[in-house]
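Student: Shown below is the structure under consideration.
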Amino acid sequence: MQLNPSEISELIKSKIEGLSVTSEFRTQGTIVSLTDGIVRVHGLSDVMQGEMLEFPGGTYGLALNLERDSVGAVILGAYEHLTEGDIVKCTGRVLEVPVGEALLGRVVNALGQPIDGKGPVAAQGMEPIEKIAPGVISRKSVDQPMQTGLKSVDSMVPIGRGQRELIIGDRQTGKTAVAIDAIINQKGEDMICIYVAIGQKASSIANVVRKLEEVGAMAYTIVVVASASESAAMQYIAPYSGCTMGEYFRDKGQDALIVYDDLTKQAWAYRQISLLLRRPPGREAYPGDVFYLHSRLLERAARVNADYVEKATGGKVKGKTGSLTALPIIETQAGDVTAFVPTNVISITDGQIFLESDLFNAGIRPAINAGVSVSRVGGAAQTKVIKKLGGGIRLALAQYRELAAFAQFASDLDEATRKQLERGKMATELMKQAQYATLKVSEMALTLFALNKGYFDDVDIKRALAFESALKSHVRSHHAAILDKIETTKELDAETEKALEAAIQEFKQNGIY
């Protein structure tokens, strides 16, 4: 077979035309030092702040310090296989995590990778962990309640959808218990929950996941884990990853709740990273931008208007508002709320639930200090019936605390003071609630109504909780229609009041408690 020159030239021409050459331009550098998960890389001339860097063996890192002749980065994951002189590549991408409904019911790490042994996650997409919070015009005022199912919280420090409410207290005062109860109470409320565990023992996290599975709460919950055994870098990015997962639902016109447990550990991790990166230390050895660390995270929790949702979904969702409610947890040392991180987060959030060791040890659980705890915006969102009935509870408890201190020194008390003390004692007793025993609005309203109307006045304080439990059972069994009406309307009209009074009087006359 012979080929003439014209055929050869045509063949070569067709081959050249069909040739696909893909070139990839990526800056490369080399590791010059590696210490405690912090690397210094030389030669990355056009790296971005917060860019993902690719190390040998499929390991990734995060560029944090951009200096004149080197880049300081943290490694995300194992780094035992890395050595000085290894090649590092820029990726041109910032750190992203998977988002979407597929994550519900899953336990993932700070990078969104599943760690529950249930196989890969078929995510709806990838989103950057660092995002700019919605602007002023995009926001809507908080006016819808987020019920926690806890009498003391919903009556005294109500939380609204889109609010940031801090839970603060010493270790072992029940901070996580309040947050987990809030998650459990969202069952059937069309609320997506994200629980971010930072720097906790793996056994504690396993117990939380087990409990959420038992009560059927994992169906609407995502658990993001950066346990105490993981690197400081993973503990630092975990809250941002969880927030991005929550924002996906907020921007679709849904309601989401995120718990950061706890941000003190994140601040410690960030301090560790900053000191290893040789950033100048400030107060309590924290870096200068520790306030920004938490403010840029918590400002992303908001209630957004329908225009924002429509724009975010490309016009697919119209006329719906979305919200992301945040419950950050801060651990104090010996009740000191004037320390650096607690004061920062108190100033960023819309109120705080302050838990006290003394109250906890006295058996008052949740151990909420009514005088110091406050909700700055939740009042506008509070359920009408609870607002009407619970208005005097907080004042009664605060006055009781004050009077109780004086009563220790006074030998004889006048009738009015004695009554106030008795009412305060009873209110304190009735605010007690077992863990995982969340209440419906109607059940809460029943207790508050009976307390306000004086039906507990002749009950022995030691029998108060048993009386309350028996009363609820009686009304639920014989007058379920009253509770159903309160649950549906979330209001208490004159007719319902009369019916409730009659039901309570009937119960007291029978005396079955």
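Glycine is no exception: its Cβ is also placed from the backbone N, Cα and C atoms.
Quick caveat, the model's predicted, so the values are computed rather than measured.
Not my notes, these are from Swiss-Prot:
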| type | residues | note |
| --- | --- | --- |
| BINDING | Gly169, Asp170, Arg171, Gln172, Thr173, Gly174, Lys175, Thr176 | ATP binding site |
| SITE | Ser373 | site 'Required for activity' |
Student: Quick one: which residues besides Gly169, Asp170, Arg171, Gln172, Thr173, Gly174, Lys175, Thr176 have a Cβ within 8 Å of the ATP site's Cβ centroid, in sequence order?
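Tutor: Neighbours found: Glu331, Leu355, Ser357, Phe360, Ala367.
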Student: For the recorded positions listed here (Gln172, Thr173, Thr176, Ser373), tell me which residue's CB has the most neighbouring CB atoms inside 10 Å.
Tutor: Thr173
Student: Where does Thr173 (ATP binding site) sit in DSSP terms: helix, strand, or coil?
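Tutor: The residue in question, Thr173 (ATP binding site), is coil (DSSP, three-state).
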Student: Work through the binding-site residues one by one (Gly169, Asp170, Arg171, Lys175, Thr176) and name whichever has its CA nearest to the CA of Ser373 (site 'Required for activity').
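Tutor: It is Gly169, whose Cα lies nearest.
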Student: I want to check the contact list for Gly169 (ATP binding site): same chain, sequence separation of six or more, C-beta distance under 8 angstroms. What comes out?
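Tutor: Counting only residues 6 or more apart in sequence, the Cβ neighbours of Gly169 (ATP binding site) under 8 Å are Lys175, Glu331, Thr332, Gly335, Phe354, Leu355, Glu356, Ser357, Ala367.
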Student: Could you check the binding-site residues Arg171, Lys175 and say which one's CB has the most other CB atoms within 10 Å?
Tutor: Lys175
Student: Across all the protein chains here, work out how many other Cβ atoms are within 10 Å of the Cβ of Asp170 (ATP binding site).
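Tutor: Looking across every protein chain shown, the total is 18.
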Student: Are there any residues in the same chain, six or more apart in sequence, whose C-beta is under 8 angstroms from the C-beta of Gly174 (ATP binding site), and if so which?
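Tutor: Counting only residues 6 or more apart in sequence, the Cβ neighbours of Gly174 (ATP binding site) under 8 Å are Leu355, Phe360, Arg365, Pro366, Ala367, Gln435.
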